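Taken from TrEMBL as is:
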DOMAIN    21-246  domain 'MacB-like periplasmic core'
DOMAIN    276-394  domain 'ABC3 transporter permease C-terminal'
DOMAIN    538-725  domain 'MacB-like periplasmic core'
DOMAIN    798-907  domain 'ABC3 transporter permease C-terminal'
TRANSMEM  21-45  transmembrane segment
TRANSMEM  273-297  transmembrane segment
TRANSMEM  317-343  transmembrane segment
TRANSMEM  363-388  transmembrane segment
TRANSMEM  409-433  transmembrane segment
TRANSMEM  439-464  transmembrane segment
TRANSMEM  476-493  transmembrane segment
TRANSMEM  499-517  transmembrane segment
TRANSMEM  538-559  transmembrane segment
TRANSMEM  791-819  transmembrane segment
TRANSMEM  848-868  transmembrane segment
TRANSMEM  883-907  transmembrane segment
Amino acid sequence: MKASMYFNYTSRSLIRGGQRTLLAIFCVAVGVMAIVALQLVGLMINNAFNGNVRDANGGDIAIRSQQPFSQDDLKHFDALKKDGSITDYVPVITTQGSTGAQASKRQTFSIRVVDPTHYPADTVTPPTFTSPNRGNLMDLVKNNGVVVTQAFIDQYKKKLGDPFDITIGSGISRNGSLTGQGGRVIHGKIAGIATETGVLAQSGSVVLLSINDYKAAAPKQAITYDTVDVTAESAKVDSAAKKIQQQFPIATTQTADDVLKQQQRVIDNIQKFLEIAGLLALLIGGVGIVNTMQVLLSRRRTEIAMLKTTGYRRFDLYLLFGLEAGLLGLLGGVLGALAATGISYLVRNLVEQNFGLNVPFVFSWFTFFGGIVIGVATALIFGLLPIVQAANIRPLNVIRELPEGRRAGSIILTGLLLIVLSILFCVLSIVILNGDIRLGAISVYGIFIFLGLLSLFLSLLVLLVSRLPVPERFSFWHLLLVVVVAAVAYGLYRVAAPYGLIFLGFALLGLLVMFVPRSMKATAKMALRNLGRQRTRTTTTMLALFVGIFTIGLILALGQNLRTQVNDVISHTLNYNVYVITSNDDSQKLHDLLPRVPGLGAYQQRDLASTVPVAIKGQPLQTYVSGNNATQVRRQINSSLNGVEGYDVGNNQLPSLNLVEIKAGRNLTSGDAGTNNVLVLSSLAEVQGIKLKVGDKITLLGVDQVSRKTITVVGFYDAKTLGSNLEPILSTTDTVKALSPSGLSQTAFYMKVDPIKLNSAVDLIGQTVPKAFLLNLASLTDFINQLLNDILLTLTTIASLTLLAGLIIIANAVALAMLERRRELGILKSVGYTSGTILSEVMLENGLVGGLGALVAISLASLVTWILGKQVFSADFAVDTPIVLGLVLGSVVLSMVIAVFVAWGAVRVRPLEVLRYE
C-alpha cells in the first residue's frame, strides 16, 4: 500500500468525523494546555528565584547578626579585604518603616539604609530604574531623597517627586527584633523608582535611604549595622565564610550557593506539584480520547470489515488508525500548547499580584514543542485500546450484523492493553517529571488504584440511581421510600447539615415526581434509565468531574477552616491587641497618655534590652556553635537568648502564671529585686551540647558591646498564650538597665483595647509618640486572612485546569451520546416528542451525572478535611454549608449548560433524515 494512501485515508477520515474529531482534539488540547501552562509557570518561578541569586543575596556572602556590627567590627572586614580573602564588603542597616498620618491605616515596608556611593558591592548588579531612566543611587539617594521599588509605588499610590514621612519604629529590625536604635521620622521625597532587579531582586516594597540622612534624624545615636554583604573570588568564598563565622560566632553567614540550594529544593517541589496537577488533567483528557475513539471507530465497523475483506491486514489497520490518533494528538498538542502560553501568562500574573513577587514572563520553545510531543504520545497511548479493539473486528460478524460478544480472549486482550496503557502513561509521566522514576510510578499507579476503586463505587451508585422508581400514580411503597430518605436526611442534618439538606432535596424530588404530569414522568424515567445503559461512560464522566471538584473542595474547605482557626487563636489566646515599643522620653509620654487612650481596659509596661550570649556555663559561645549541629544550635541560641524583658519585681510585677507555665525551677519573686535571676525558655534544657539546668549562668552582652552581665537561671518556662512577652529572657528591671546602651532605654507597652475603639486609640498613640513601633493585631489578622485568600485563589486557579478537563469530558460524553442515539432521537420525534422535551431529558441526565459526581467528591473532601483537622491540626474541621451546596449545585448547573450547548443542534434533527434508510 502506498504511503500516500495512509495519509489521504486518515486525513479524510478526520475531516469526515466532524464534531467527533473536534471533541477528540479538545480532549488532547485540554491536557496539553494544563501541563504546558504549569510547566511554563514553574520555569518562570525557577528563573525568577535562581536566575539572580548572587545579586539578591547582596553578594557572595551575606552576614546577618542580632548583635549589630559596630565600626570596630567593620575593621575585621577591612583586614580580610586587605589580605585578599574578600574583594569588597558593604554594611547595611535593614529595618521596618511605615508612612501615613493615621497610625491605624499605616502599612509597613522594608528600609535599607546604605551608603549610596558604595552600594551595592563591587561585581553585584545595581538595580535598573524606570524613572528616571538612567538614574543611579549616588545621584538620587541624598538630601532626604529616597529610591523606592515599583511595589512601593503600587502599594502607596505614589509617584516620582512625592514627599512623604518615613516612620522608623523604635529599634525594630527587618525580622522584628530589637536593634538598640531609637525611633526616627524622616521627611523623605521619592527621587527614583527602581525595578526589582539586581540587588533588589524579589525585594518587594523597599525604600533605599542614605546613611547620612539616617544619621541626621538622630545625630546623638551611634550607628550600627545588622547586615554586611561581602564579595569574594569564587575559590575563596568558603574559606572567607569560615573566617567570618569564627570571628562572629553568633552571626549567620549565608553564601549565594547556600541560597541557591535552599531555593532549588523549594522550587523543585513547586514544579513537581504543578507537573502532577498537569498530569491529572492529561489523564482526564486521555479518558476522553478513549471514549471518543471508541465511538469514532465503532461507527466505522462496516468500513473496517470491508478493508479487511479486501486484503488489509491487522497491521495495516494499526498503522491507519495509529496515524489517525497521531494526527489528532498533533492538532490537539498544537492547540493546547498555544492556549497554554496565554494561560501561563495569566497564572504568572496571579502569582505576582497575590504574593508580591517579580516573575518575568519566560517562553520556552523546548516546553512548547515538548507539549506537542506529549499531545501525540497521549493520543497514541490512550488510543491504543480502541485501535486494537477495532482492528480485531471480524468481518463475518459485521456482514451478518452479529454482536462481537465478550469472549474470554477479548477480555484478556483488553486487560493486557490496559496494563500496557498504564505502563506507557507511567513512562510518559516519568519523562514529564524529569526522570523521577519513583515519583512517576507512585503518582501514576497511586492515581490508577484510587480511581479504579472509586470507579467501582461510582458504577454501583450509577446502577442504583438508574433503577430508581418513577411511579405512574400515587404509590404507598414509593411514599415509604421518600419517608426513609427524609429520615436519613434528618439524621445527616444533625451530624453534617449540608448533606442533610441535599438528602432532604432528594426526598422532596421523590415526593414531587408522583404528582407531575405524565410527560415529565416519562422524561425523568428515560433520563434515569439512560444512566444505566452507558454505565462505563457515565462512570468515567463522573470520575473526570470528581477530580476537579474534589481538589477545589478540599482547597476551599482547608482554607476556610485554617482561616477560622487562626482568627480564633488570635482572638482567644492573645491577651493584648496593641503592642507599642518606645524609647527614652517617648516611654514617659505614652505612660502619661494611658488614662486618655479610648477603650483601654488593661495594660502592662515592661523594659526591654537586646542581647547576645557570649558565654554559657562559663564556656565561650564558640564552644557550642561548632561541629555538625552548629547551624541548628546557633539558630536556637539566637532565638532563645537574644533579649531580656524586665519586670519590676520589687513592686510585685511578676510573670503571670496565666501567661507562662513554669516547667522547672521557680518563678521570679519580689526577693529577686536587685539580682540577675532570670527565667529562660524550657527548650534550652534540651539543646544538644548545652542542656541548661537551674542554677546555670549565662553571660550576656548588650548591643553597645560594652554592657555585660552574667545572669542566673532560676526557672524554665513555656508561654501559654501568643504575645505574652516580646523577649525570651524574663528578668528584673535591674538586669535590663544593666544591659541597655548608655542613653537608650526601651519599653514595651501591652494594651487590651476595646475593638470598637481600636482605630481611634491607635491613631492617638501614633500622634503622641510618632517614633514608636506600633503593632495593631487587627491589621495582623487582616494580613493573615488576605494571605490565605491569595494562596487559596492561586491553588483554586491551578485546580480549575483539572476541572476544565472534566467539563470537556462532559461535553464529549454528551456529544457522543447524541451521535449514538440519533436513531432513538428520530423515533422519539416521530412519535410526538418535541425538541424541548428531548433537550430537558438530556439536561436532567447530565445534571444527575454532574450532581452525583460533585456530591461524592465534596463528601470525600469533607472526610479528608476532618481527618487532617484531627491528625494534623488537633481541631474539628468541617466544610461550610455554602461551599458544599455551591459546588454541588454549581456542578449540576454547569453540566446542564454544557449539555444544552452541545445537544442543541442534535435534538433538532429531522426524523426523516435519520429514519429514511431504516
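From the backbone N, Cα and C atoms, a Cβ is placed for every residue, glycine too.
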Are there residues at least six beyond either end of the transmembrane segment (791-819) with Cβ under 8 Å to its Cβ atoms? List them, or say none. 19-20, 23, 26-27, 30-31, 33-34, 37-38, 274, 277-278, 280-281, 284-285, 287-288, 291-292, 295, 299, 343, 347, 350-351, 354-355, 530, 534, 537-538, 540-541, 544-549, 551-552, 555-556, 559, 825, 842, 846, 849-850, 894-895, 898-899, 901-903, 906-907
For the domain 'ABC3 transporter permease C-terminal' (798-907), DSSP counts of helix, strand and coil? 94 helix, 0 strand, 16 coil
The transmembrane segment (499-517) touching the transmembrane segment (883-907) per 3+ Cβ pairs under 8 Å rule: yes
Residues of the parent chain within Cβ reach of the transmembrane segment (439-464), under 8 Å, 6 or more residues beyond its termini: 272, 276, 279-280, 283, 422, 425-426, 429-430, 432-433, 531-532, 535-536, 538-540, 542-543, 546, 852-853, 856
Stretch in 317-343, 363-388, 409-433, 476-493, 848-868 most in contact with the transmembrane segment (499-517), if contact is a CB pair under 8 A: 476-493
When counting Cβ pairs under 8 Å to the transmembrane segment (317-343), the leader among 363-388, 409-433, 476-493: 363-388
Whole-number mean pLDDT, the domain 'ABC3 transporter permease C-terminal' (798-907), equals 84
